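Below: the structure, in structure tokens.
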Amino acid sequence: MAKAAKKKYSTAPTSAKQVAAEKHLSSVFKFNTDLGQHILKNPLVAQGIVDKANIKPSDIVLEVGPGTGNLTVRILEQARKVVAVEMDPRMAAELTKRVHGTPGEKKLEILLGDFMKTDLPYFDICISNTPYQISSPLVFKLINQPNSPRVSILMFQREFALRLLARPGDSLYCRLSANVQMWANVTHIMKVGRNNFRPPPQVESSVVRIEIKNPRPQVDFNEWDGLLRIVFVRKNRTISAGFKSSTVLQILEKNYKTYLAMNNQMVNDESVSLTDVVKNKIETVLRETELNDKRAGKCDQNDFLKLLYAFHQVGIHFS
């Protein structure tokens with residue numbers, strides 16, 4: 001069916017214009033694959049991504065990495081405004097040229113610069129053909145926005161997308177899986193083959209929908225992330241093994257000192273070192289929660305929440 005759809009679209013009236021545009025761009029500059037510049041060229045896939053966002057006429061849409069605008073022009077048809085964050089000035093110039101003189105020109109704002117360093121305005125929806133090197137930072141920046149987007153439709157490399165979706169016990173389940181699923185609901189929308197891009201990337205892609213939970217879980221993000229960083233260092237080793245690292249113990253001891261100072265407390269037995277106190281607390285928590293011999297790769301959200309709560313009860317913090 002994919003071949004049939006492709007054949008049908010190649011004979012559409014707009015196909016000749018698209019091919020001419022692609023030849024023009026190829027002659028103007030070479031795409032920088034080091035920046036993850038793989039332009040989505042299949043109009044059916046582009047339209048499918050935009051349709052899945054269910055854009056309202058009143059919506060402001062954030063697009064990350066618009067490239068030459070194959071998604072942008074379709075978003076502009078449906079949204080009140082599009083804020084496009086583009087790092088490459090050449091791409092921004094091509095996009096500006098593409099919408100010039102069209103109804104969408106006044107609805108488009110281009111922010112030139114690094115997405116991760118850009119202060120974002122308010123937006124309702126995020127759509128992105130995501131540069132691979134900012135996949136994880138982009139997800140967490142969206143999760144931590146003061147005003148969370150209603151929905152995000154994001155294209156990633158296939159394996160990264162599958163990690164977002166992985167469940168406890170799956171081979172791809174990792175810190176990313178547990179972390180994102182705490183704050184958001186993630187669903188798979190479609191697979192996108194490498195030949196739908198120009199130039200073709202080395203791997204296949206997938207599009208996912210991320211809907212941030214509202215209300216947000218009443219858990220400190222940095223505490224949650226700090227715990228997961230420890231237990232997922234080696235996800236197939238026991239959780240207790242992760243807490244035996246000297247680096248981990250030093251961090252937790254420093255945090256415990258801060259906790260004692262903030263609560264005007266001190267260690268009662270001066271003959272016992274603070275390091276031993278922290279070790280004993282860790283061992284007690286792991287034993288009482290019955291998680292010391294479990295593997296992080298098989299633990300679910302409730303297991304990690306139980307562990308975090310138990311550590312907080314004895315003054316052990318992770319940020």
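Glycine is no exception: its Cβ is also placed from the backbone N, Cα and C atoms.
Annotation source TrEMBL lists S-adenosyl-L-methionine binding site at H38, L40, G65, E86, D114, N129. Counting every protein chain shown, the Cβ of H38 (S-adenosyl-L-methionine binding site) has 24 other Cβ atoms within 10 Å.
On the 0 to 100 pLDDT scale, the model's mean across the domain 'Ribosomal RNA adenine methylase transferase N-terminal' (45-214) is 97. The domain 'Ribosomal RNA adenine methylase transferase N-terminal' annotation in TrEMBL covers 45-214.
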